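Annotated in TrEMBL:
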- 12-32: transmembrane segment (TRANSMEM)
- 44-68: transmembrane segment (TRANSMEM)
- 88-114: transmembrane segment (TRANSMEM)
- 152-169: transmembrane segment (TRANSMEM)
- 181-202: transmembrane segment (TRANSMEM)
- 222-247: transmembrane segment (TRANSMEM)
- 259-285: transmembrane segment (TRANSMEM)
- 305-338: transmembrane segment (TRANSMEM)
- 350-368: transmembrane segment (TRANSMEM)
- 388-409: transmembrane segment (TRANSMEM)
- 429-450: transmembrane segment (TRANSMEM)
Amino acid sequence: MPESRCLQGIWSSPWIFIFAASGSAVGLGNIWKFPYVLGQNGGGAFLTIYCLCLLLVGLPVLVAEVALGRTVRSNPIDTVNDLSERRVVHPAWVFVPWLAGITGFLILTFYSVIAGWSIAYLDRAVSGELVGITQAGASNMFNGLLAAPTEMLLWHSVFMALVVLTVGQSVTRGLSTIVRILLPVLIVALLLLASYSMVIGNTHAALDFMFRWAWQDVTFEVVLSAVGLALFSLSVGMGAMFAYGAYMSKRMSIARACSIVVGVDLLVAILAGLLIFPLVFSFQIDVQAGPSLTFVSLPIIFGHLLAGQFFAGVFFLLMVVAALTSAISMLELFVAWLHERFYIARLNAALLMGVAVWSVGVAVLLSFNHWDSKLVFGLNLFELLDQFTSLVLLPMGAILLSVLVAWFIPRSMLQNEMITKRASHFQWWYNTLKYISIPAMIVIVVAGWIGV
Ligand code: PFF
């Protein structure tokens, strides 16, 4: 396969892949979703299972996705079309990249609304509304935002416009520079804020909650949530990492690069937990509050901090940029495909997809207010999309993609990729994917769905 990709070019340095992939992985999933899902699933046991899922499912599947992307240097849809034309796989497999793309599309419809909340909080932080805020004030502020569809619409539209403009450019340009600055600053900011939160909050209860194992919290539903969150957080199962792998230099060991991405992703999630839970327990916020957890507890720390207005502004700005570097990878699959297959200019392709995502997003934001009583299976549209993507589509996408790589792509083709530097490590990865990750995902998904 050629080193240079036909239409997009290659990341200029192997490290750029790590930055870009970390940019996709680290986002609202770590700062917003991880704390609330941990809160809803009981804490310590979930965290341990989550770490195991990252290691035994997330990492091998991530390596598989990136490896396939780099082997073929194309977008996922054309890749599988091409493989089926060469009779490597049955034409029915074309369904898999479509499923992956649709999953990314659906995730972006609500991701953009939540990113819009972050912009709304950035706006409030800059205008000084968080200074001296109390717990009751923070709850009222969040409820006030949910009850204001016009404001949510404004920020959702602003975020989608940013996504479209960024994806409209070639993703290899500029992204790594943003992430290279963003990631270290985000980690330092989280470290400082988490330390402060542990000083003013109930650290004992928080650590006990986050790290204490309790057998009664272990059910297949909890394990399924952990798998879903691990895949969501690593951006795996949606073709996003496949697309980034397609731009990766051949010189980099894929396993090494992916391990770094997983490590960074977990670090950011744990720091977000250490920031939020001491406040949750100190200010008696309901640990099971769900999606509001981060947005109700975070303002409290800024209300207490010296120069809280400044820190709040910086933090919410980092959160918005982190959301942006994740969101662009959700659209990349379809944009790259429209561009490479139909020669539609990237900006036009991004605009087309962006308008479609935006429209569904409008319905999502209305599900927090005007349409909050319109329920399907007892869930509003946001909850439905969130759970359907995390618990059904993502695991299905990850299973099918892994089966494709492990059972259908010729082993020699993968062995030629520099998946690891040592041949024995290749065997290790291949066997883990085949005999641990895939069976584990199938068992967990089936058992979780039937509610064992
Ligand atoms: N991994 C991102 C996060 O944790 O916020 C979310 C995400 C990015 C999901 C890209 C899906 C995707 F394709």
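Every residue, even glycine, has its Cβ placed from backbone N, Cα and C.
Curation plays no part in TrEMBL annotations; they are all automatic predictions.
The transmembrane segment (152-169) makes contact with the transmembrane segment (305-338), as judged by at least three Cβ pairs under 8 Å among residues 6 or more apart in sequence. The transmembrane segment (305-338) is not in contact with the transmembrane segment (259-285), judged by fewer than 3 CB-CB distances under 8 Å for residue pairs 6 or more apart in sequence. As a quick check, the transmembrane segment (44-68) and the transmembrane segment (181-202) miss the bar of 3 or more Cβ pairs under 8 A, pairs 6 or more apart, so the two do not touch. The transmembrane segment (88-114) shares more Cβ pairs under 8 Å with 350-368 than with any other stretch in the list 222-247, 259-285, 350-368.
Ranked by number of Cβ pairs under 8 Å to the transmembrane segment (222-247), the listed stretches 12-32, 181-202, 259-285, 350-368, 388-409 are led by 388-409. A Cβ distance under 8 Å defines the sequence-distant neighbours of the transmembrane segment (259-285), meaning residues of its chain 6+ beyond its ends; these are 18, 21-22, 25-26, 29-31, 34-35, 38-39, 47, 51, 54-55, 58-59, 62, 135, 183, 186-187, 190-191, 193-194, 197-198, 200-203, 205-206, 209-210, 233-234, 293-294, 296-298, 300-301.
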